[in-house]
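Have a look at the structure below, then the notes.
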Amino acid sequence: MASTMTPYFGIVVSLIAYGIGTFLFKHSKQFFLFTPLFVAMVLGIGFLKVGNFTFEEYNTGGKIISFFLEPATIAFAIPLYKQADKLKKYWWQILSAIIVGSICSVVVVFIVAKAIHLDTAIMNSMLPQAATTAIALPLSESIGGIPAITSFAVIFNAVIVYALGALFLKTFRVKNPIAKGLALGTAGHALGVAVGIEMGEVEAAMASIAVTVVGVVTVVVIPLFMPLIA
């Protein structure tokens, strides 16, 4: 069992699971349940369970991949640079919309968790789900949450937005590209950005800035709820 403690174990499991997810997504005409992140998560959990491996054994290498999540978010700056003129022109409206959306997300999760009497650890795990994984996981751990539950919540949330985001926008007749991008990024994280890229450069840029600002707002807002949870 000592060999499974090397970093290669977690890295290889992660890459293979993600590779299978990418293959299934591509050959299923992008069926939303085969989103690579979701498939990788399900396969990874299944493999660890069937092989009777512990999370610690996996995470020896898994945390190396997690480390690169944070610098990878720098890539969001590319579409932002291309749409700098719109950011300067509508910066107040953009920031206001993202901040309100972020706070609403945290408040709704808090109210629902309280209403159904969720365990404190689970509640703390769910609160950061508004942020992207790179921010949500360390935040969850810092407030006494369970990162694994947080990861599931973030990814599941993003998959829903990836699958139904465009439909929701069409149903509610949201036609402004800036509004579309902000909605997708605020609700769907990186997968929301992916949908934005499919729609256009403006949507992609707005979704990218939403992911970044939501993370900052979540980090600031969630500690304010801690006295209410304790």
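Note that Cβ sites are derived from N, Cα and C of the backbone, with glycine treated the same way.
For 5-25, 31-51, 61-81, 92-112, 149-169, 177-197, 209-229, the entry in Swiss-Prot reads transmembrane segment, with the evidence type sequence analysis.
Pairs of Cβ atoms less than 8 Å apart link the transmembrane segment (92-112) most often to 209-229, out of 31-51, 61-81, 149-169, 177-197, 209-229. The transmembrane segment (5-25) shares the most Cβ pairs under 8 Å with 31-51, out of the stretches 31-51, 61-81, 149-169, 177-197, 209-229. For the transmembrane segment (177-197), the list of distant contacts is 35, 37, 76, 79, 86, 90, 93-94, 97-98, 101-102, 105, 130-133, 154, 157-162, 165-166, 168-169, 203-211, 214: same-chain residues at least six beyond its ends, Cβ to Cβ under 8 Å.
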